[in-house]
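Some notes on the structure that comes next.
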Amino acid sequence: MNGKKLYISDVTLRDGMHAIRHQYSLDDVRAIATALDRAKVDSIEVAHGDGLQGSSFNYGFGAHTDLEWIEAAADAVSHAKIATLLLPGIGTIHDLKNAYDAGARIVRVATHCTEADVSRQHIEYARELGMDTVGFLMMSHMQTPEGLAQQAKLMESYGATCIYVVDSGGAMNMEDIRARFRTVKAVLKADTETGIHAHHNLSLGVANSIAAVEEGCDRIDASLAGMGAGAGNAPLEVFIAAADKLGWNHGTDLYALMDAADDLVRPLQDRPVRVDRETLALGYAGVYSSFLRHSEMAAARYGIKAVDILVELGKRRMVGGQEDMIVDVALDLLARR
């Protein structure tokens, strides 16, 4: 590590939206952002779980607009930068400008791991705005390390100054992570940073984040109490405790994060964010973690097991944005009975 300061990127107020169906109140956002800021995380990502303009029939309607959430968080911080997420095809460059005006200074432009070419316009515009511009390659387990590296190179060529390996399905192990970081870093410029976004569906969120750092990763996504889609993200307070024991420089207050996780975030969970039968199925089948709540709703409606829906989604290699197929899969399974 050579004393390198890790960049701690909190995603409680974006990925964590999935865990409560995008229903954070503005008071929740202010309280959580204030606690994270006092604990000295580097950035706080804020948006609907599916990014700017994700509030929709397909993904679920939010309790507030992205801009209301971003403004609430921006007003609460003095140290951390406010980040947001943009998926080309859901959010536009106009939405990005509005998010910037509301206080966002970092944007993660997210595409499926084979579709980096759709990010060009959004990355270039973010750079024009002067934003810290990140390329975010979702479902990275569905690409070979070599294929992922080429997609990373594309995002870098458009102007992204940091590229993320994103384990949206929580499906990778430590060797999968190591292989992707080695291959991606080998093709990027020396000054292009890398980041890890882990999910905890196989209980490997923290271990995978540690493996990434050992391969030279600069930025680590994590969330309080693991608040996120599926079994959640790498739990922030757990990663920080582990990093501390490894002697790594993270710059955050562990005990403040522990308090925020248990006092502010865990009480908001209407479904426990944990590894259980359904969330384990996500990781095992390599399914997009935010399919969890949608699949559980379909299972309840049609009287079938959520696990069966999730496994079938994995067999069909469904990816983020295909939430509408969950009901189709449920009906197909019902017809097979």
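Any Cβ shown, glycine's included, is placed from N, Cα and C.
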Mn(2+) binding, same site as His197, His199 - Swiss-Prot member from Asp15, Asp27: Asp15
Additional residues surrounding Mn(2+), by Cβ distance to the Asp15, His197, His199 centre under 8 Å: Val11, Val166, Asp167, Ser168, Gly170, Ala198, Gly205, Asp221, Ser223, Gly228, Ala229, Gly232, Asn233, Ala234, Ser289
Stretch-averaged pLDDT - the domain 'Pyruvate carboxyltransferase' (6-258): 97
DSSP three-state assignment for Tyr288 (substrate binding site): coil
